[in-house]
Structure formats: C-alpha cells, structure tokens
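K.L.:
Supplied in structure tokens, the structure appears directly below.
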Amino acid sequence: GILERLDSGEVVVGDGSFLITLEKRGYVKAGLWTSEAVVEHPNAVRQLHMEFLRAGSNVMQTFTFSASEDKMESQWEAVNTAACDLAREVANKGDALVAGGICQTSLYKHHKDEARIKKLFRQQLEVFTRKNVDFLIAEYFEHAEEAVWAVEVLKEARKPVAATMCIGPEGDMHGITPGECAVKLVKAGASIVGVNCRFGPCTSLKTMRLMKEGLWAAGLKAHLMVQPLGFHMPDCGKGGFVDLPEYPFALEPRVATRWDIQKYAREAYNLGVRYIGGCCGFEPYHVRAIAEELAPERGFLPPSSDKHGSWGSGLNTHTKPWIRARQTFLSFIVKARRLRSNERKH
C-alpha cells in the first residue's frame, strides 16, 4: 500500500496533467474542466494513463476532477465508476496503485453548507469504496476548512488519505498559513499532506517547506507530497496561474523543460518529500524526468527510458560532431549539479 511504500523510504512518483493535456488533445472542454472523457473517450484517457505508467508513475489517480454531482449532475456516478475502472486496468499492467480523487466543490464559496458538501464527497467515496481503490486523495482545495471536511469524509473508508491544497506561500484564501493548513489536515486524519496545481515547481517547494516547518513546530508527523504545475509561474499572485492572462490557452511559453523538472525532483527529495509528481501541464516526459533523476534512489529506470538517454546521453550517436559535443557538456553540468546537491544535503 501507499503508506507501506512511504514508510519504507520508497520514492513514490505521481502522475501528471489530465485536464489540460486532454483539452489540448481535443477530449476535454476548457472552462468546464470536467471529466466526461472517461465515458466519452475512454481510449484517450487509457492512453494517457499508459503514458504516465511507462514514464515511471506508480500511482494511477482516477480522472475524477470536478466529478461530483454539483458539477456533473446525473453523469457523476457513471464518470466516477468508469474512471476507477480505467485507472485499475492500467495500474495492473505495472507496479502502480490506484488513488481515488476528489476536489473542492462549487458550493463552498457561496453556501459553506458542511452537510451538503460532505454529502457530495461521500457520493464519490461510495464509488471509490465499491471499486476498492488503494488510497484516497483530496486535492485542489483553496480553503483549509473545506479540505478538512473532505479528509473527514474520506477517513470513513478506513483507507489511507492524502490531502493537497492549491495554495502558495501566502496560504489559503482566508489567510491560513501553509503550516497551519498542514496541521489542520493531519489532525483531521490525513497521512500525506502537501500542495498541487496553481503554482510552479519552485513556488510549490517554498510552500512545502513552510508546511514541513509547521508540522515540526506542532510536533506532528506526516508524509509529504508535491504535485505542481508543469509551468513556470514566478509572477503569480495568491490565486495562482488561473489569474494570469495567459490562462488557459497561452501557457506554452512557460512550459518547464525536462532539466527544470529533474532539478525540481532532486530539490523535493532533499526537502524530505517522498511523493513527487505533477499536475496541469505536467506531461509524461516531465514524469520521466522525475523517475530518471531519482533512479539511484528508486533502484531502476522507467520503461520509457529504453528510448531515451538521461541528460542528453543519446546525443553521442548523432551524426554531427557539434551536437555530439552537447552531450559532454550536459554530462558535466549534471555531475556538478549533483555534487552541489550532495554538499547542501550534508
């Protein structure tokens, strides 16, 4: 299970972008950002799961973002059921776990009706329980209170619960600090806490550090999880990338390179994070970059590395000598970077 893996010190590599990637491929409608594709285009969702599995992910998260009744009405049950089946089908092809995922509702901002909101979470949980997912994730919450309600409901299934908030270093929308958010989530019953989406890798790691410090100050322990955007967002405000004029159709100039992601993976590991993945904009090759960077710790490379040389090593077969020379330069850079990383760690 997920906790046994994390308790043993294993690095768990999460998956990446579904909504934005499937929108680009023509299977998700921007604006609605709901998950009908699992019933309308199951092969497209299956293929993306497979790409993440080959890239090194060992968690297949159900594609159930915004799949609660308030956002999908009569379709919600069919969507959640199909999403579980697709995730399990692909997970069984490798060494992967299935995580059932819920996210913030459309009701909280307007009503804050705890009973009604918990009912929505519980409906999805009933499907996840029936389909026997391995663990549960409450993700993409901008309000700590609603995230706590989600964790409280998910704990009813007696399965491990992870909880991630879509916040930056300034905290949630009510000004609750990242450290305080982490403490609230752990006290509610989450075994794994962290952040996902809204912010890029660098900002997300700053937030993770604050969460870690908050837990330490409170005398609490939990596993740490980070799944940022695959975009650089240093100029984001408190609301993250959704407030930028480029969102969602002009984000391509901000895409992180695979080198950026290898650096992110190493820094996350050095911070003590052991569940490392991505969210919107995080393509399969980004996940492969995580898996390759942390291959020494994991003890193996992902299947897709058979067709790829880490840090440009495949360039040494190129016909042009000046391109072959780039591989030597990249090799020097990575050795120097790892040396600096080890020095900081000690």
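Numbers here mean position along the shown chain, with the first residue as 1.
From the backbone N, Cα and C atoms, a Cβ is placed for every residue, glycine too.
Since the structure is predicted, the reported quantities are computational estimates derived from the model, not experimental observations.
According to TrEMBL, the protein has these features:
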DOMAIN    1-294  domain 'Hcy-binding'
BINDING   CYS197, CYS279, CYS280  Zn(2+) binding site
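Show me how these features fit into the shown structure, please.
P.N.:
Note on CYS197 (Zn(2+) binding site): other Cβ atoms within 10 Å of its Cβ, all shown chains, come to 27.
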K.L.:
Counting only residues 6+ apart in the same chain, whose Cβ is under 8 Å from the Cβ of CYS279 (Zn(2+) binding site)?
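P.N.:
In sequence order, GLY16, SER17, ASN196, CYS197, GLN227, PRO228, LEU229, GLY230 meet the Cβ cut-off.
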K.L.:
Take the Cβ of CYS280 (Zn(2+) binding site) and count every other Cβ within 10 Å, whichever protein chain it belongs to.
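P.N.:
Its Cβ shell of radius 10 Å holds 27 other Cβ atoms.
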